[in-house]
C-alpha cells in the first residue's frame with residue numbers, strides 16, 4: 001500500500017535511509033559489546049565501558065530518529081538483520097578505540113552519501129534533516145575519538161597497562 005502523504009521522497013532515498021538505520025543499529029550493537037567487554041571483571045575499565053555504552057544508546061536513538069523521519073515522509077521502514085560485532089574480545093582500549101573510529105568513519109561516509117543522494121533527488125527536507133541532526137554530531141564524535149586515540153598512544157609503551165588505566169581515569173571520567 002502506498003502512502004497518501006509521500007511527496008518528493010524517492011525510492012532510492014527511502015532504501016538508503018533503511019540502510020542507514022541498519023548501520024546505526026549495528027553500531028549500537030557493537031558499542032554495547034564494547035561497553036560490556038570493558039565492564040568485565042578481568043578488564044574493569046569503568047570509564048571506557050561507560051563511554052561505549054553511552055555511544056550504544058546514542059546510535060540506537062539515531063536509528064529511531066531516522067525511522068521517525070522515514071514515517072513522516074511517507075516511507076516504509078524495512079528492517080534488516082543486524083550483523084553481530086566483528087569480534088567478542090576487544091583487547092586494549094587502543095584496539096577498541098581504533099575499531100570505533102573505523103566504525104564512525106563508515107557511518108559518516110554513509111551519512112555523506114545519503115546527503116549527496118538527497119541533493120541529487122532535490123530533497124531539501126532530507127538534506128536539512130541530516131545537517132541538523134547528524135552531520136555536525138558525527139564530525140564532533142570523530143574529533144573526540146581521534147583525540148582519545150592520540151592520548152592513548154601517548155600513554156602506550158613499556159607500561160601500557162598503566163597508561164590505559166590513567167587514560168581511563170583522567171579522560172573518560174570527565175566525558
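Here the Cβ of each residue, glycine as well, is placed from N, Cα and C on the backbone.
Summarising the annotation, Swiss-Prot assigns domain 'Ferritin-like diiron' to 7-156. Per Swiss-Prot, Fe cation binding site is recorded for 54, 57, 58, 61, 64.
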Quiz prompt | Neighbour count (Cβ, 10 Å) for residue 57 (Fe cation binding site) | solution = 13
Quiz item: So how many of the residues in the domain 'Ferritin-like diiron' (7-156) end up helix, strand or coil by DSSP?
Solution: 114 helix, 0 strand, 36 coil
Exercise. Enumerate the residues of the same chain, 54, 57, 58, 61, 64 excluded, that satisfy the criterion Cβ within 8 A of the mean position of the Cβ atoms of the recorded Fe cation site; list them in sequence order.
Key: 28, 55, 56, 59, 60, 62
Exercise. Looking only at the domain 'Ferritin-like diiron' (7-156), report the model's average pLDDT.
Key: 97
